[in-house]
Amino acid sequence: MANKALILLAVLFCAQAVLGVTIVSKSEWGGRSATSKTSLASYLSYAVIHHTAGNYCSTKAACITQLKNIQAYHMDSLGWADIGYNFLIGGDGNVYEGRGWNVMGAHATNWNSKSIGISFLGNYNTNTLTSAQITAAKGLLSDAVSRGQIVSGYILYGHRQVGSTECPGTNIWNEIRTWSNWKA
């Protein structure tokens, strides 16, 4: 029995390593609790990619500062229940929990109830994605499929495709258009 448990742990560890996904929980980065939550359905058909259009961060400490600033702006200035995105990806290659799984975001008007929102920290009209960020995003999307959050044939959009905005910035836009689930 101990051997089976050891094998299971090894398989789970390898699966995490293959996806390359490290999710820093909201409690770990010191995020505030949401004032309310609306459940998000499973097996969604869409994922929407954003950029925060703010400062770029390349260390965990700098990314945590940005996350707290964004959450404060979304909650205190805009009056939202929480940070708008389900997940955010820093220049350090970490995935940071925003609203997380199964909670509706506030990231794309008329699309919040049918998509997960993933945002890159920074302004990608000027910043460029690192290979670690690309790996993290693709791993997160694979994880979302594995969890049943989005369907395997999900459609990937840049925010500009579902709203009047430059988001997710030219550099992310050029990158995601090469990904297999992106649709024009």
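A Cβ is built for glycine as well, from the same backbone N, Cα and C atoms used for every other residue.
Owing to the predicted nature of the structure, the values given are computational and were not obtained by experimental measurement.
If you look up Swiss-Prot, you'll see 1-20 marked as signal peptide.
The annotation domain 'N-acetylmuramoyl-L-alanine amidase' is assigned in Swiss-Prot to 45-169 on the grounds of sequence analysis.
Around His159 (Zn(2+) binding site), taking its Cβ as the centre, 23 other Cβ atoms fall within 10 Å, counting all chains. The annotation Zn(2+) binding site is assigned in Swiss-Prot to His50, His159, Cys167.
Other Cβ atoms within 10 Å of the Cβ of Cys57 (disulfide bond) number 22 in total over all chains. If you look up Swiss-Prot, you'll see Cys57-Cys63 marked as disulfide bond, on the strength of similarity to another entry.
In this structure, Tyr85 (site 'Important for catalytic activity') belongs to neither helix nor strand by DSSP; it is coil. For Tyr85, the entry in Swiss-Prot reads site 'Important for catalytic activity', with the evidence type similarity to another entry.
Comparing Cα positions, Tyr85 (site 'Important for catalytic activity') lies closest to His50 out of the binding-site residues His50, His159, Cys167. Along the domain 'N-acetylmuramoyl-L-alanine amidase' (45-169), the predicted structure has mean pLDDT 97. Taking a C-beta cut-off of under 8 Å and a sequence gap of six or more, Cys167 (Zn(2+) binding site) has these contacts in its own chain: His50, His51, Ala53, Gly158, His159, Arg160. A Cβ within 8 Å of the Cβ centre of His50, His159, Cys167, the residues given for Zn(2+), is found for these other residues of the same chain: Val48, Ile49, His51, His107, Ala108, Ser119, Gly158, Arg160, Gly163, Thr165, Pro168, Gly169.
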